[in-house]
Amino acid sequence: MSTTSFSSHRATPVFKRPLIAALMTALLTSITVTGCIAPESNDSEPADSNTENKTADKAKNVATNEAVSVTIISVDTIKGSVDLAINPSPLVVYDMTLMQDLAALDVAVDGMPSGLKLNNLHSKTQPDPKKVGTVFEPDLEALNAMQPQAILVGSRMAEKYNALSSIAPTLNMSIDTANIYESSKQRLHDLGALFGKSDQALKLQQDIDGLIDETKTATKDKGNGLVIMVNGNKLSAYGDKSRFGFIHTVLGVPMVDNQIKDADHGQPVSFEYLQKTNPDWLFVIDRSAAIGEESVGAKAVLDNPLVAQTTAWKKNQVVYLSPDSYLAFGGYYQWMQDLTAIKTAFSQAK
Amino acid sequence: MPLFSNHATNIDNANSDKSISSVPSRWQQKVNGDLNSKSRHAKIAPWLINTASFVIMGMLVLLSLSIGVADFSWSGVFHSLANHSANLDSSLMLVSRLPRTIAIILTGIAMAVAGMIIQVVLKNRFVEPSMVGATQSAALGLLVVSLFFPASALIIKMSVATIAAVFGMMLFMLLIHRIPPTDFLMIPLIGIVFGGIIDAITTFIAYQTETLQMLSVWQFGDFSSVLSGRYELLWLTGVLCIIAYIIADKLTIIGLGDNIALNLGISKRHVTWIGVGMVAMMSAVVVVTVGMIPFIGLVVPNIVSRIMGDKLRRSLPAVALLGASAVLLCDIIGRSIRYPFEIPVATVFGVVGTVVFLWILLRAPAES
């Protein structure tokens, strides 16, 4: 609406001077924009919007009662349960974990952030999604133009919850890093229910669970492990409560050092720490690979006389986790890729 | 050469007298009072101070070599030295401990000397490389080159960082050109704002390109990644410090004022640019290899100039020694308090440096 008024004003020959014309159009558009937003801003508070959604859904339900009955489903989110009509469309997703699950479920996503580094985030059978900002910053104009029925967000976008929920029902479906397995299972199940693909979601979960069991058998009694991230030329260690903790908690690989506390970016450690703790297995996240950087590979950083003294390096027991485990932890493809990598490495061990 | 330094001292006194009469600000008086009272402080001979610092540094070096996560014993090293054969202890020493300690010393020297140079060139006690946009610009240059040419060699990245640092400092010099030179606190204030703006640009680019994590490698200096073969670039700062010592007298004269430099036949423009270029290079090398470490360049030269005055030929060795000791101490603290994990030396120095700097500020009026 605002765009049409903008162009019509620009077309009128009344404003000869560009500066005045620009000022006037800016003024007019700001008036029209505030005019547009004013009625909507009333329901920008989450509590309000929830109740309004419910009433709106009810009304819809009544109206379409004769034709097709619209099923309302309650989805459990970080901000409490949200009632939503099944199969919301257009759908906007800002979280890579959820994108992976939806891609595996073959659900079409209509809006996605741009500049994503992974290539398994939307199913190949659907048209390319529209760009709606970045994973940290939504493009509110684009969202407004799209008028989505639902916006799914994760931890990276959680701060922008209020701004997003003024546009459409927003579901914060972040994964709990301390409990990735249970949390991601719940999310996959919820997404299946929301898009009427519960059976398929169950099948995907069985894929993951099956692979977990196989990997567990492979890792049993093969020694302890340490998860490290290589960022530039620096190292940090991750413990069992981090997003890589599933290696210890789900797969049961013993931690080489129980002192590692949970921290967003791990505990900074030196190469001497690796030499001293001497893990049997080293799980490496190459941070520069995760952002499409190929300057200093993690392998080159680790290739030094101190790391060479560890059992992991001597026996070639270094597992490089996929970039997905950093960007889309708890997603379907991340589970499958990392479990396969770990299973393969452990079953080749002598 | 002796004639040269004679001039310097004479002019030094003349200049202080002049500026006291012309600038009645309390801070100025304070600072000049310090310059004048050099004779009072000269009770402690410079060689004595330097020897004491050297002994302290020696002890810190031994401590730094002994502390680490891996198992290590000195007897193993001596044994290997005696037998002329390598063992685990001696290789650990050569691969990890010695390089780390050398890197710390070189970084400490470089940042402190760079701070001293920039303070003299700008004739202001309250600036350091991170307050004139040098380190921030270096990080920005490094980020940009890493984004566009991720596979480029370290030397190229470093050159780009240096050029960016020089450019950033040029911009800053243009900015402060417009404010009256007597306005003592405006220069650091503008510097902080200027550095903040460059920092904001860098962070914005990193945020948009998802490279914030990569940026954090340079923004928090720490020595945990130093191994033999991964710090040698820092030796370049050692060379720069020697050059600084060679041209120390010229820098001192520049610090005395434009007219004096002109009278003594020193090209202010040339020496200033050499100084700026050296500070930019030192900052860039340190940022590229270990990351930013704030406050060293501010705290160390201030302490030394309080004791020994501003004559660089005399005070530079003390600045270098104290800078090295300060960073050594902070790195030892950072390695010990959360053993076996590490706290970046930048964080430790941030805390310690703030306390020391506040102490310098608060102690100042009591002395006059």
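Residue positions begin at 1 at the first shown residue.
The backbone N, Cα and C atoms fix where each Cβ goes, and this holds for glycine too.
Worth saying up front: this structure is predicted, and the values here are computed from it rather than measured.
Marked as transmembrane segment by TrEMBL: B:47-70 (among others).
Annotation source TrEMBL lists transmembrane segment at B:102-122 (among others). Under 8 Å from some Cβ of the transmembrane segment (B:102-122) lie the Cβ atoms of residues 57, 61, 64, 128-129, 132, 134, 176, 187, 221, 223, 226, 231, 234-235, 237-238, 240-241, 244, 251-252, 254-255, 271-272, 275-276, 278-279, 282-283, 285-286, 289-290, 293, 296-298, 300-301, 304-305, 310, 312, 315-316, 319-320, 322-328, 331, 345, all in the same chain and six or more residues away from its ends.
Per TrEMBL, the feature transmembrane segment maps to B:129-149 (among others). Below 8 angstroms of C-beta separation, residues 111, 114-115, 118, 122, 156-157, 160-165, 167-169, 171-172, 188, 191-192, 194-195, 198-199, 201-202, 205-206, 209, 211, 214-215, 218-219, 279-280, 282-284, 286-288, 292, 294, 297-298 of the same chain, each at least six residues beyond the ends of the transmembrane segment (B:129-149), sit close to that stretch.
Residues or ranges marked as transmembrane segment in TrEMBL: B:155-177 (among others).
Taken from TrEMBL, the feature transmembrane segment covers B:184-207 (among others).
Annotation comment: TrEMBL describes B:233-252 (among others) as transmembrane segment.
The feature transmembrane segment is assigned by TrEMBL to B:273-296 (among others). Counting same-chain residues at least six beyond the ends of the transmembrane segment (B:273-296), those with a Cβ under 8 angstroms from any Cβ of the stretch are 103, 107-108, 110-115, 117-118, 120-121, 128-130, 132, 134-135, 138-139, 141-142, 154, 157-158, 161-162, 164-166, 168-170, 173, 217-223, 226, 230-231, 233-234, 236-237, 240-241, 243-244, 247, 251, 254, 323, 326-327, 344-346, 349-350, 353-354, 357.
Counting only same-chain residues 6+ beyond the ends of the transmembrane segment (B:316-334), those with a CB under 8 A from a CB of the stretch are 46, 49-50, 53-54, 56-57, 60-61, 63-64, 67, 100-101, 104-113, 115-116, 222-223, 241, 244-245, 248, 293, 296, 299-301, 303-304, 307-308, 342-345, 347-349, 352. Residues or ranges marked as transmembrane segment by TrEMBL: B:316-334 (among others).
Annotation source TrEMBL lists transmembrane segment at B:341-362 (among others).
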If one takes Cβ-Cβ under 8 Å and requires six or more residues beyond its ends, the residues near the transmembrane segment (B:341-362) are 104, 219-224, 290-296, 298-299, 302-303, 306, 326-327, 329-331, 333-335
